[in-house]
Amino acid sequence: MAPASIEGPSKEGDQQASSTVNMAALELDTHCPYSILPSILFQMNSDKDMDRLNKVGGAGGLAKGLVTDLHAGLNESPAAAAADGLATAAASELGSVEAHRKAYGENKFPEKPPPNFFMMLLEAAKDPMIIILLIVAIVTIVLGAAVPEQRAHQGWSEGLAVLGTALIVIFLGAGQDFSKERQFQKLNALKDVIDVKVTRGGKQVLVPNTEVVVGDIMFLDTGDKVIADGIVIDSQGLVLDEASLTGESDPIKKDPVSDPWVRSGTTVNEGSGHMLVLAVGVHSEWGKTMALVNEAGDDETPLQEQLTDVAAKVSKMGVLVAVVCFLALLIKWLIVTGGGDIDKINDNGPLQFLLYAITITVVSIPEGLPLAVTLTLAYSMKKMMKDNNFVRVLSACETMGGATAICSDKTGTLTENRMTVVEGWFAGTAYPQVPEGSVLGPQVLELLKWNCAMNNKAFLVDQESGVTDFVGNRTECALLVLLRKLGFDYKQLREEREADQIKLYGFSSARKMASVLLRERAAGGNLRLYNKGAAEWVLRRCVGLARPDGSTEPMTPAKLEEMNALVTGMAKRGLRCICLSYRDYAGSDPARPADFFEDADQVDRDLIAVAIVGIKDPVRKEVPDAVATCQKAGIVVRMVTGDNIHTAQHIARECGLLTTEDAIAMEGPVFRAMPATELIPLLPRLRVLARSSPEDKLTLVSLLKKQGEIVAVTGDGTNDAPALKESDVGLAMGIAGTEVAKEAADIIILDDNFSSIVKSVLWGRAVYMNIRKFLVFQLSINLVAMISAAVGALYGGVPPLNVLQLLWVNMIMDTLAALALATEDPYPELLDDKPHGRSEAIITGLMYTHIVVAALYKLFWLFACLYGLPRVLPAYATLTKGEYYQTMCPEILNDKGVLSTNATLQGDVCNIMGFCGFPQGDIHSDLCVLHNEWLAINTTVPSLQQDAVCNGQFSPTANFSGVVAPGEACVRNTNLESAQRAMDDEWDREYLLSYKPALSVLFNAFILAQVANAFVSRRIGLELNFFKGLAHSPIFNGIMVLITALQVLIMQTPISYIFKVEPLNGPEWGACIAIGIGAIPFSWALRILLRWLLPLTANSSHWLAGLRGSRASNITASGAGPMRQAARTRTLSGGAASANHNRTASGRTLSGPNGGHQDHHRAMSGNPHVVISTQYQGH
């Protein structure tokens, strides 16, 4: 049989069609083996062309043309199809998945190009301070090379070294950004990969959305995200939300006749159905839209914003210090040079001062703070994946660390979600375990098998290992397993009655039940409704009970009370109770409205109860410990479930949620009926909210947030999306969660396990703590750099750290330390502290103490080396001007070429400069040649240099021209002035050179102190063990080793010349290491002192009490304290508190399925936990 074909556009429409058909589709046409060409198929899909669809024969005709089967779907391969016994056209080579992928394209979008390292370099080089630094460095190089005198002293070397170091900083920054971007790109790529249900080879299977091809038969269910374009081939109340594409907020009903077109990017609001895939990837409507949209950049996270503010304040202070240093050095230079000397502008002059000021600015700007946040978030996101936390929103990492409340689902999160029917009531008889099928009788089995098989959208996947995987709703999976135990194959049952299915009513959180309407073949076309749902809700709608022989008995009030007692007993044992029921309808009834079966609430009435099954879902073994960890960490865990109050209480006790005497378990109807004024005081005690709706969860989240709580919420259903969005951190379930829930969430818990949520809290606190560690480390260095630079410029005139050394410090601070401290793994002790809440400052009082004390320690040794060392130890004594002129004069004059050919004249001027007071020495000293000359004639030496040198009363000699007139120049004075200029030129250089030994020790000790400070900064509380967990921090250890190794290279190799230091000997290294390591015992002493002081001030308003940095009792920064106080002083009705912990609810009547049944037992199973399951009567 020839496959169906679709005609191309008419001649009149050629021009229009050619303008809209994309070129990629036309390229696919050339190699397409199918009768329906890609360009025509995609065009029909894009235009929603019903005429063309009908012309080809609808879905059946399309399936023929695409060589697929509407029931069996495509085959994985012809061999697989043969093995499955399929003999349809779809079982051929053309019916394979791979053939369709080649012909119609794959379901993937063009990937965002990987980050370009060269572009990253340009971005890193755009920093204004770096640009200015580079310009000044280049000017320094040019002047140092162009001016002969500068060139003689390698005046270009410092500029070249600064240029090289700045380029290294740029490369390192670009490298980190490049690595970060690649990591984010890999993680973001995982966001769009989801599993979808398709039919292949006659079997329903799960495949990644990227593997879906044109011709696939895809199953759509409530909460699913549509990942391809297609047409509906059957619909069970299928309603889609197309707002993402059309902007229309109203959901659209889909069916094969009136509107079969389904678009990728939309979501299923209600119902279910199957669709034939017509377009995937870039050929789908979503793909075309995405091709036109550029991805928006990531917004800053709250923590990044806070740190940007800190960085701005520190930067302003740094700029101020830099300006002060520049002006101080410039003024001093102008005074020394007598108003300035253009020849010395690049010789320890204004150009060097500007370079120094810019470097101070570069060092003081803590650009590493936002970088540290990005690094720690990127690192944490990658590590959190291993802990089954997939982070979709970057800021969720840090927010989760401050969570004060977690509202968790029960099923699958606190429990294993491996549901099993363990007992039940079947047609009048209660069984402690599931009975054999032969015991129940054929009539009961007939009702059970069709209810469990057809009123069900789940399926089971049997693995080769013998393990059965559940796909779909776990309760429905448990019913399928029950069918197997009773001896039925649900797949065969579904195939047998598929054509009889009239309508499927999906589960609704409002109705707490689901139904299916089937046409009965043996009953003359009559209809039978099979219903299942929460037992107490279904029983309220029942008018009878089934008997083993198929007959029924009426549901009397006494019988209803008996059945409710049965359900309560099962629920108290922790079982989920599901009631299976049915009802018959006439095939045709003139009195019945035409739209009667459209309203599920109307259809699900006057039911006959057949069975009540108790489904066991055991608590995960790790959950009680995880809950206890949260409680210890100051996080209140609340269970929010749709289950019966008794089931919820039982599970809550097993989890450790109902452990205090005043803990409350409340039902949803009561919760939503209470006014906020009475509800808010109860919130601190609320631990279980049972029979809740998604609206109740949303209300709870909103109320908690208004009280200042940071709320994390779990969710898996479509209706949970508002609560997930409203919460501070939305946690969607990766296994049981719908795609709508995952889209609304910030973090996806991949294993649906509560213990993984605790790990996300731990990682969140680690992110926050790592940033605080880095702040303590960096700000202490900033403080030292700014104070030392200012003091050096204003007091001593000798900067303790030169430009290149400051850049090395900056590299340690901003790049290496950020990487080291930002990538530390979390440690369990982080959960011993209270959450930081909403309003706590990023820098606490204790952190300020650590910063200031660490800075004081380093400043002490810095100034000790700068000013004390030269005065105490002769080996480090600096050059005085007297020593300079007296000992270095001949050497300097020879180097400068002044009187270098006449040793006698050179010796004469050196004596005058060094011993006669012009400029050094005393003119009356016996060592002064002038003193002896004037003493010979018993005359005092004149104070003026020219007179003293030229007008001596002595006989002319070969060296001197004799007596000259007062004030008149002489050759001797001219020689002296030339020598003085030469000596003045070299003084600053030689003076700084004499500081080199002391400055070398200072620089080395300072860097080693930074290394020690990095270890100290690993713990910023009052802990004494800074090395705990060090074995699990390979990046930190590696960077510390790298910094130390580079420092050794800088100090002990020829590189030392560039950094203006000299190699140190053994004792000097020993002293430097001792000074560096001394930061550790110094910090120990501080912490021991604070440990002693803090308990003394814990109950006072003394400022030391504020050093703790975390709130002692309040969960949040505001609101929680008054909330708890109100809770302690109010009863459930708002009156004064009584001494009785087993509080009643003032005799109010029960709400929910039990109607007016009075519940006098406030404490369940002997536990003094208040249960509120009463109907609130409004005032």
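Note: Cβ is positioned from N, Cα and C throughout, glycine not excepted.
Bear in mind that TrEMBL entries carry predicted annotations, made automatically and left uncurated.
TrEMBL annotations:
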- 69-145: domain 'Cation-transporting P-type ATPase N-terminal' (DOMAIN)
- 129-147: transmembrane segment (TRANSMEM)
- 159-178: transmembrane segment (TRANSMEM)
- 317-335: transmembrane segment (TRANSMEM)
- 355-379: transmembrane segment (TRANSMEM)
- 774-797: transmembrane segment (TRANSMEM)
- 843-869: transmembrane segment (TRANSMEM)
- 997-1016: transmembrane segment (TRANSMEM)
- 1036-1059: transmembrane segment (TRANSMEM)
- 1071-1090: transmembrane segment (TRANSMEM)
- 1118-1179: region 'Disordered' (REGION)
- 1139-1152: compositional bias 'Polar residues' (COMPBIAS)
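For the transmembrane segment (1071-1090), the list of distant contacts is 846, 849-850, 853-854, 857-858, 861, 1001, 1004-1005, 1007-1013, 1015-1016, 1022-1024, 1026, 1064, 1104, 1107: same-chain residues at least six beyond its ends, Cβ to Cβ under 8 Å. In the predicted model, the domain 'Cation-transporting P-type ATPase N-terminal' (69-145) has a mean pLDDT of 72. Beyond the ends of the transmembrane segment (997-1016), by six or more residues, the same chain brings 777, 780-781, 784, 798, 800-802, 805, 808-809, 812-813, 817, 820-821, 850, 854, 857-858, 861-862, 865-866, 869-870, 875-876, 878, 1026-1027, 1036, 1040, 1043-1044, 1047, 1051, 1056, 1059-1064, 1068-1069, 1071-1073, 1075-1080, 1083 to within a C-beta distance below 8 angstroms of the stretch. Counting same-chain residues at least six beyond the ends of the transmembrane segment (843-869), those with a Cβ under 8 angstroms from any Cβ of the stretch are 310, 772, 775-776, 779-781, 783-784, 787-788, 791-792, 796, 798, 800, 876, 998-999, 1001-1002, 1005-1006, 1009, 1013, 1016-1017, 1020-1022, 1075, 1078-1079, 1082-1083, 1086, 1090, 1103, 1106-1110.
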